[in-house]
Structure formats: C-alpha cells, structure tokens
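**Student:** As listed in TrEMBL for this protein:
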- A:12-30: transmembrane segment (TRANSMEM)
- A:66-85: transmembrane segment (TRANSMEM)
- A:97-124: transmembrane segment (TRANSMEM)
- A:136-158: transmembrane segment (TRANSMEM)
- A:179-202: transmembrane segment (TRANSMEM)
- A:237-258: transmembrane segment (TRANSMEM)
Amino acid sequence: MKRFSFSNMMLWVGFLFIYLPMLILVIYSFNGSRLVTVWGGWSVKWYVGLLDNRQLIGAVLRSLEIAFYTAISAVILGTLAAFVLTRVTRFKGRTMFGGLVTAPLVMPEVITGLSLLLLFVAMAQILGWPQERGIVTIWIAHTTFCTAYVAVVVSSRLRELDMSIEEAAMDLGAKPLKVFFLITIPMIAPSLAAGAMMSFALSLDDLVLASFVSGPGSTTLPMEVFSAVRLGVKPEINAIASLILLAVSAATFLVWIISRRAEEKRRKAVQQAIEEGAAATWQQDKPEAKAAG
Amino acid sequence: MNISRSISRRMPKGRHFVIGVPFLWLFLFFLLPFIIVMKISFAEADVAIPPYTEIYTWAEGQLSIILNLGNYIFLTEDELYLAAYLGSLKMAFFSTLICLLIGYPMAYAIARAKPEMQTVFLLLIMMPTWTAILIRVYAWMGILSNNGLLNSALMSVGLISEPLQILNTNFAVYIGIVYSYLPFMVLPLYANLVKHDQSLLEAAADLGSSTFNSFWKITVPLSKNGIIAGCMLVFIPAVGEFVIPELLGGPETLMIGKILWQEFFNNRDWPVASALAVVMLALLIVPIILFNRNQAKEMEGRA
C-alpha cells in the first residue's frame, strides 16, 4: 500500500481539525491582555483570579460531588444491564430492555431533560418527593444516561470474555453470585474503571440535563460557564475551560494506561499459562517416551 | 447459552434481581417521564405551580379526561415551529453527511494502521468526546468571531479586507456540529472496519480489481452496520441540539432544541414545550428504532 494515502492524509487533517481549536483556547488562556484577540504576553493572572471566585469554586465542588456519585451508581447499574444483555439471553421484554438501555445514548438531551423534570414535578405532587430539586435530581438524571454508556463499554468486554472459566467454576459448584464477584468482576475490571471514568467525565460536562432538573442554589460548573459564555468570550472562561480540558485529558490518559497495563498483564498471564502447560506436557511425555523406548 | 441456563436454574431470585434493578431504574427515569410529557402536552398552560392544568377531573363519581389538542394545533399554526423542525432536520442531515465524508477515511486509516498506533489514534479520537461540548463550542467562538483568529489571519494574508461574518450564522453551526460529533462517527466505523477480512481485498486485487473498485464494492457494503450506527449517533442528537445553535448560531438559525428551550425557560409554557418534544420524538422514532436494532444485532452478533 502507498505510504501516504488519501485516508492517512484525512486522518491527520481530522486530528488537526479536532485539536487545533482546543490548543488555541489553551494558548489564549495565558494571554496577558484583557482583549481576547490581542496578544499581550504570557500571564497566569486569569488562573489566579479563578481562586477568588467563590461562586465558581462552589459550582466546581458541587459538580465533582455529583460526578462522583454518578460514576458509582452508573457503573453498578450499567454492569447489571450489560450482564443481562450478554448473559441472560431469553426473558420476557428483552427487546424492550435492550431498547431502554441503548436509547439514552442517542436521545436528544432537551427531551430527556424536559421529561425528567416533568417526572420530578409530578412525583413531588403525588409523593411529596422531591420537594426541592438539586444534587439528588441531577444525580438521577446523570445516572440514567451514563448507565447506557457503561452498559455499552462493559457488554463489549463481556462478549469477548471466555465463558468457559465461569462455566467451569459453576460446574465445580460455585454459586453464581460467587462466580460473578470472584471471576467475572476481576476479568472485566478495566472496563469497569473505564466506565466509571467516562461517567465521571460525562456528568462533569453535562449542561442541558442539569439545567432542566436543577433547582435554585444548585448551579453546576457547566451552567456557570454557560451563563458567562452567552455574553461572549472572556479570558477568565478561557482559563477555566483550559483547566477542564487538562483534567479530562489527564483522566483519559489514566484510563488508557490502566487498560493497557491490564491488557499486557493478561497477555503475559496467558503466555505464561501456555508455556507452563507446554512444559508440563513435555515433562509428562518424556518418561513415557523412555518407557516406550 | 450454558451459563444463562445455569443462572436461571440455580438462582431464580438472583435472576429477577439482576434484570429487575436496571429495568426498574430505566423504566422509572427514562420511559415513565415520556408518558408524563405526553400527558402534559395535552394540558393547558396555567398561571400556577406547576404551570399547567390537570387533564383529568374527578367530580361526583365521574372521571372526565380532557385532551386539549390546542398545543398541537398551535404548533401547526405558527410557521416558526415548522421552520424550526425542518431547519433541524436539514442541519442534522447535512452535518451527518459531512461527518461521514470526513469520518470514514479517518476510521479507515486507523483500522489500517499498526496495532500499537491504533490504540493511540483511538485515544486521540475518544478524548474530545469526554470533554464538555460547551468548551469545544466555546473554543470556536473565539476563532470565528469578527475580530477572531480566523478573520485576523485571513486579513493579514490579504485574502479579505473586511472581517467575514461567520459567527452567528448557519455555517458556524455546521462547523460546530461536525466538530462536536465527528468522534461519534469515527468510533463505530472503526469498530466495524477493523474486523474486515483483508484477504477479500487481496483476492479482488489478484483478480484485477482496482483499489477504488474493491473499496466501493467490498469495504463499503461490509461496513453497512458501522455506517448506520455512526450516522444515527450523529443525526439523532444533532436534531435536538441546543448548545451549538445557541452559541454559534444567529437569528437565522432555527432549530427545534433551541425553540423548546425558549418555550420552557423563557415563556414558561410547559405544555407547548411538551408538545414540541412529543413531535420531535415522533420524527426521531424511526431512526431511534433503527439504531436500537442495529445495536442489538451488534451486541448479540458475537455472543
């Protein structure tokens, strides 16, 4: 194949298209000038200024808290859903279940947000809960759509998995619950970590759902940024945006390292098992060969 | 399915629990809300908390349900809504097409790269999807504005003498949607293309087929499922997109997500916003079912 084909060129053009705007944003966050288009030398004053912004820091902490809870709950629900989709093949309503799991991936956020808010309002009327919308309602909204992402990631891992190990454990009398926690979970651990990181990032990023289901006094970071962005480009927003970019790239990189390590470990373990197995058979064969000879 | 059989045999209660918990959650917080939206779309706006009337009344042992079609009739009477729906569909359609044209060669190049490079490329594609759409769109605001980088660059080169109005136009919205959703096109395409058997292409080449011919007649048809998944992942959310038209679009940009937002937050007309959502969902139900079927096929395909 040609060294420099059309598709390779498109790949690099695509990467340039994806990363250049973000790079420009980060560079301009160090701009000393208040005018966002004029370069006024390097400066970190916008970053320092962020520390004084109490409201912003409150929003950051709130967003982190919600993202933390979301990551935990979405991983639990998403793993259960993935397990059902890949291992429990036949039950009543399976098609509907599959639809319910994957539909949140594509559902426009304005629809999900509006419908969840109306649900909460109706619940407050009938059940008296939730009286106030805030962290809990945002957490519910985020968990619902992050579950779908976790289910997709985990189910693709579960599908690749060698089921014979689980089956062997069950044949030896292990209870399904024990098999799940001692065998299945450790084998899919990297994808659980990836799912958790992903949910954390998605929850931290969400603007539309949070805007619908939040109440007074529970502004999240994206909502704070959005209300500022609406008024135009400002150096302070450049700084906070760059920090978010940095945090997300660090998280992505971490996930990559984790999954790569796990992959390597697995490959080494398999290799070792094969070699040991081969050595064992060889040693077994040898005396037999002698006896035969 | 040995394992599923043994699960059901040994642990009927556990099975119900495993299915029940996610099912209940999704039913309660995903399906049920749509039914409520449907209900409120038939109510009337009211100055109250919550700001709509109840559609059923219970008086003297008589249950009466009043379905108020006024919201839907209102949607057809005001041309704004029709224009917004058409505008959204058009915007989403062309953005999906552009994403496909850029994303397909990218996915193809990644699938053909060396295995250790593939993971790096995938990471580079995936990273932006974890970053807030808000921030990526914001980055473009600084570039596209009248005194932004693009205009200053073009003027300093001498291509234009006056800044071009790019921000707050439909063109900027196209850039924003393609930019934000490109990774969602590339990822499923890659997942599909990487599974292709190279020997088919080699056989075609041995029989004298040109590279383009074999690409068009072998690779493209084989990647049908990837194309469907990618296009749906871009098209469906793009129809309801709010952030991008709000920040990059201008007065000419009519998109339904933005209108719904305004009805809800600015006009506080919940019933009309609900009716808008119901119609949007009706428009999207076919693509969503298509996507779900495709996804189910992928999920079961290798099981």
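Numbers run from 1 along the shown chain.
Every residue, even glycine, has its Cβ placed from backbone N, Cα and C.
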**Student:** So what's near the transmembrane segment (A:136-158) in sequence-distant terms, Cβ-Cβ under 8 Å and 6+ beyond its ends?
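**Tutor:** Hits for the transmembrane segment (A:136-158): 66-67, 69-71, 73-75, 77-79, 81-83, 85-87, 101-105, 107, 112-113, 116, 120, 130, 184, 188, 190-192, 194-196, 198-199, 202-203, 206, 209-210, 212-215, 218, 220.
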**Student:** With an 8 Å cut-off on Cβ pairs and a sequence gap of 6 or more, do the transmembrane segment (A:237-258) and the transmembrane segment (A:97-124) reach 3 or more such pairs?
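**Tutor:** They do not touch: fewer than three Cβ pairs between the two stretches lie under 8 Å.
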**Student:** Is it true that the transmembrane segment (A:66-85) and the transmembrane segment (A:12-30) have 3 or more CB pairs under 8 Å, sequence gap of 6 or more?
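**Tutor:** Contact between the transmembrane segment (A:12-30) and the transmembrane segment (A:66-85): absent, because fewer than 3 Cβ pairs are under 8 Å.
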**Student:** Counting only residues 6+ away from its ends, which parts of the chain sit with a Cβ under 8 Å from the transmembrane segment (A:179-202)?
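**Tutor:** Hits for the transmembrane segment (A:179-202): 67-68, 70-72, 74-75, 78-79, 83, 142, 145-146, 149-150, 153-154, 156-158, 161, 165-166, 169-170, 248, 251-252, 254-255, 258-259, 262-263.
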